[in-house]
Amino acid sequence: MSSDVKITRTGPPPMDPNKSYVNPGEEDQMEIYGHRRSIFKCVISGVFLVATAGFLGLVFYWRRDWMLQCTHSRCSLSKATRVLLKDQYLQWSVNKVRTVTREGQSVDPDLSSSFESVESLTHVPHISLDPKANLTKTSSRNTMEKPEAIIRNFVNKKIKYIWNAELKSFERLKGLEEGVSCAYFYEAEGVSADERARRIVLYGANYIEVHVTPILKIFIQQIFSPFYVFQVFSCALWYADVYYYYASTIVLITSVSIVVAIYQIRKMERKLKNTIHGRDTVTVKQGTHADDFSEMSSDSLVPGDILEIPRHGCIMTCDAVLIAGNCIVNESMLTGESVPVTKTPVPKPNPGSAEETFSMSHHSRHILYCGTRVIQTRFYKGQRVKAVVLRTGFMTAKGELVRSIMFPKPMNFKFTQDAYLFVGALAAIAFMGFIYVIVIMVGDEEEPGDIVLRTLDLITIAVPPALPAALTIGTVFAQSRLKKTGIYCINPATIPVCGSTNVVCFDKTGTLTEDGLDIWGVVPAEEGRFQDVVHEANTLPEDNLLISMATCHSLTRIEGDISGDPLDVKMFEATTWELEEPGEEETNKYESLAPTIVRPSRPDIVNAANLPPELAPLEVGIVRQFTFTSALQRMSVIVRILGHDNFQLYAKGSPEKIESLSKPETVPKNFHNVLMQYTEQGYRVLALAWRPLPKLNYVKIQRVAREEVECDLSFLGLLVMENKLKPESASTIKVLQEANVRPVMITGDNMLTALSVARECGMIQPGQNVILATASPPSGAELNPRLEWVVAEETSERIEELKVRELGDVNLVMEQANKFHIAVTGKTWAVAKQLYPEILPKLAVRGTVFARMSPNQKAQLVEVLQEIGYYVVMCGDGANDCGALKMAHAGIALTEAEASVASPFTSKEQNIRCTPTLIREGKAALTTTFGIFKFMACISLTQFVTVLILYWIGNNLTDFGFLYIDMIPVTTLAVTFSYTRAYQSLTKDKVTVSLFTAQPLMSLVFQMILMTGIQTFFFFYVKTMPWFVSFVDNPDDEYASHMNATITLISCYQYVTLAVVFHKGAPFRRSMFTNWFFLINVIAVTIINVWLTIYPPQFLTDLMELADLPDMLFRIIIVCVAAVNFLASLFLETFILDGLVREKVRTVARKWCCKSKQYRYMHIEDEIVASSHWPPVNTATSDLARVLRQESAIATDDTGIVTSSSK
């Protein structure tokens, strides 16, 4: 691979050892520079501020980093009073360094250096590593306890950074999420009043504050933005030039625009503020006694507080880890998935065992996240349900989501970049006109004041001040159309970006396939052999297999209905058993209160507490749950059967994981072959296992680690579920493929199931090869896993017959199909990312199915796709896809909510049919934006040419001439131009995203040559008329003349011509004849122009100061030439630039003047096609069962990092 296409980096850019950073190695990594005020620089800047009449202050308002560098000097971070930060998107920000004592008193920054030797506060948890020291007045382990300790900090994007005097750097303030053991939370005793006050100084109030900006402040922000500053400058200039009516109209329109902008900003801020749950009253431990709980405001919560979760539920106002009791939580606020989730206490280590380090990702099933709703709690014998506060305010999970809305990732779109460059080009043209006017007017010995007015006026004409507003019109209409189809957008700027989409990533379950699963059958295993499939689970004997299905879940009853994971609901309903929440009467049956009781649905069930075991009905109490985690790929429960002395453990999870935890003699020898039969046919398969726990009593059961009991299991069988493809999936995938939009599947499910679904929905076409990239554990002297490549042959036969073919056969098929797909598992991705990063771009270019991918890995794949040049849309159900939804150029969450904080788009229709609709509207919006830009640019240049011609004779457009042109042809046509709907179907044609390519540049250049030629023709032609009277300059600036009338009238037709010519229809937008508003507008403006030309009313000619053209034939000639101009422009644009010779013109232009660089993924694709030796397919015969089994031996942590390999 050539050096220009190697992509070996994901995440933040590499760090320079000579620079300082905050958040090093993280997504929000930023360079940081320290500054102190310089009196000398302040004086110099003040002089220039006066010299520029305050304009320098305006520049400083726009660029705070320039102001900092002009008034401050660089210094070390330890002495800085201001810090300058630069993020990976090249955005600069300036923040003030504040210095306070632990009690919150401000300290003079110049005196803070005396405290430089004081230990930092930033060691997690920033308070004390001794949980019992929080109630004491001093702590030898915590330097914050020193009375002279100070806090140097700054706040950037709502996150506080604290000075670490030891490391000489600022570090992000953290709570209890890092650097503590799980045992820490059980030893915590709460926070005293004095310590709480000090921690509030450090952490701030526990409140996610979203301000609604005052109207006056928004007005000042709007009026001082570059766009409105230019408007103010233009209006002041027009007033000085006696264009009172025109200037007043623009002031009125600008005022209305500002009012609308203020209303929209306030509306969005209020909407965001209303979605943020405010303050609440919470019950917190505030004393040394175990029952010293009292109520207080949630604003006063700090990390380390022990919080009681009320029985009736609540909305969490902080992130907290559960230490007692269970909670049923709805996390739809964070994930978009409204399925209740059971939260259990964080594991409590046994005395003498190694301490387990707490991790937010690994222990997520024990964390109550801010913003989530606790539906109900479960407790034991009246005990409190307690949690320890981890994070508060904007540090919480909800705070991060709110921050992502308040400070979104900048959209680095090619068209936007080119638009700024093109405006610069217009400014350069205006500068040339500036020189032209000066030369002419100085030669005519004009007054200096008139020269200044005319030259500055020319700038306002060449650079259209209304351009930013005009460019947003198409997006607004597209957003409105999307809403009508059930697609809601919270970031309209992403709509045009969707028009460039060439890859769409789909989650599988709930996105491509139905969200719910149907139980297809159960395959029991007895004595190491699989038995016949049982399709009716309730006919199974009442033994361990049936009990495992009835108990191994996290279901609960909410308002009488069984709620929980849809898979668990289906499994439990298939048993036809009953589920009951416990009452006090059940306490004595299980030594303590059991969270859930299940039993067969029988009419004769009675209270059997006093019956002997042999007569007692079957009734099972679920004593403890080990919840499902993606990293472990399993869940388990400890139960006790009524009348039995021992506890039992039942486990459920991925077949490969359960097999590895089961005793070999209990696993059927044909396990992998049978498993692959079902997964190849698209079934979702789980395995069930069991073991007795004879030596554990109730107390030990509550303390035992899951790793100690989730081993030496007895394999019970397979649970086979049918996950049907949604009826819209296959047809939508076909539409995308026909439009050259590449579909990719990213799922956490089994690889063979994913391949089956990919073939069923058409992602992989019949006859196309699938090469499975797998990671093999190290062997021999090798220390790292290896990458292997095997071919999965499509077949309708049994899955074990899928063999690796010989290399020669593989090459032959590849040449015939000229296409092969790569399938990758999460472990292979982790190995490649960590050990073989140079292979990631090739995996991204040819990868179609990515299975067993963790949420982090999904986001990593999207990022790699973006880095090699793809425009990526991610479509998921909003559960495990949040990271990828945020990372993509555009994310579509399939959720019933009208808006989702996880993605800019939300579809109320629960299928992927929304993706072609979004791409179509994106292409239409981008085409509209492109057309509007060219229209506005040519309008300005046409008017620029008109004014230059009139300046030649000392003339100019009149006040009402400007007003008519800008209000009637330009404004109305720009608005109705954008109303055209998207094309009916999605086509493979690509939308141009760059202005600086052959076709757009040639279009602009040739159209302007034609417009200039027509006006130049009339400039000379009108002079040949016998009735022509030359314009005579006059002190009253009366511009009425034959030349003025002729040039003004012909230019009015040209504005209409440009609107029609740049109104592109198929293949991205519908025909202009379907846009009745635009069509009527064009006809109306044309009629008005003809009326003004042929038979103008006297009051209108007087108002516009148009001289009477006495020759009717000349007037008809103007109309006829305007018609010829229209036809010539239309022919040029439609039949030449966009027609028969389009490809030839573009090829020649690219060769000689506008070479366009290919995207990196194109280079990678060309390299793959040219290479007959990649991928290096293994020639040894091996079935896929062995390959996937080998890969499962590679160990990774919850973030996807390869940790070890076990044979």
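Every residue gets a Cβ built from N, Cα and C, even glycine.
As recorded in TrEMBL, the features of this protein are as follows:
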DOMAIN    26-164  domain 'P5B-type ATPase N-terminal'
TRANSMEM  38-62  transmembrane segment
DOMAIN    188-237  domain 'Cation-transporting P-type ATPase N-terminal'
TRANSMEM  245-263  transmembrane segment
DOMAIN    282-405  domain 'P-type ATPase A'
TRANSMEM  419-443  transmembrane segment
TRANSMEM  458-478  transmembrane segment
TRANSMEM  932-954  transmembrane segment
TRANSMEM  960-980  transmembrane segment
TRANSMEM  1001-1022  transmembrane segment
TRANSMEM  1042-1061  transmembrane segment
TRANSMEM  1073-1092  transmembrane segment
TRANSMEM  1112-1137  transmembrane segment
Run the contact check on the transmembrane segment (960-980) against the transmembrane segment (1112-1137): 3 or more C-beta pairs under 8 Å, excluding pairs closer than 6 in sequence.
no
Using DSSP, how many residues in the domain 'P-type ATPase A' (282-405) fall into helix, strand and coil?
22 helix, 43 strand, 59 coil
Residue list, the transmembrane segment (1073-1092) vs rest of chain: Cβ under 8 Å, 6 or more residues beyond ends.
968-969, 972-973, 976-977, 979-981, 1049, 1052-1053, 1055-1056, 1059-1060, 1063, 1100-1101, 1104, 1106, 1119, 1122
In the same chain, which residue numbers or ranges, 6 or more beyond the ends of the transmembrane segment (419-443), come under 8 angstroms Cβ to Cβ?
450-451, 454-455, 458-459, 461-464, 467, 471, 933, 937, 940-941, 944, 948, 951-952, 995-996
Which residues of the same chain, at least 6 past either end of the transmembrane segment (38-62), have a Cβ under 8 Å from a Cβ in it?
70-73, 224, 226, 229
Which residue counts does DSSP yield for the domain 'Cation-transporting P-type ATPase N-terminal' (188-237) in the helix, strand and coil classes, in that order?
32 helix, 0 strand, 18 coil
Are there residues at least six beyond either end of the transmembrane segment (1112-1137) with Cβ under 8 Å to its Cβ atoms? List them, or say none.
999, 1002-1003, 1006-1007, 1010-1011, 1014, 1017-1018, 1022, 1025, 1046, 1049-1050, 1053-1054, 1056-1058, 1060-1062, 1089-1090, 1093-1094, 1145
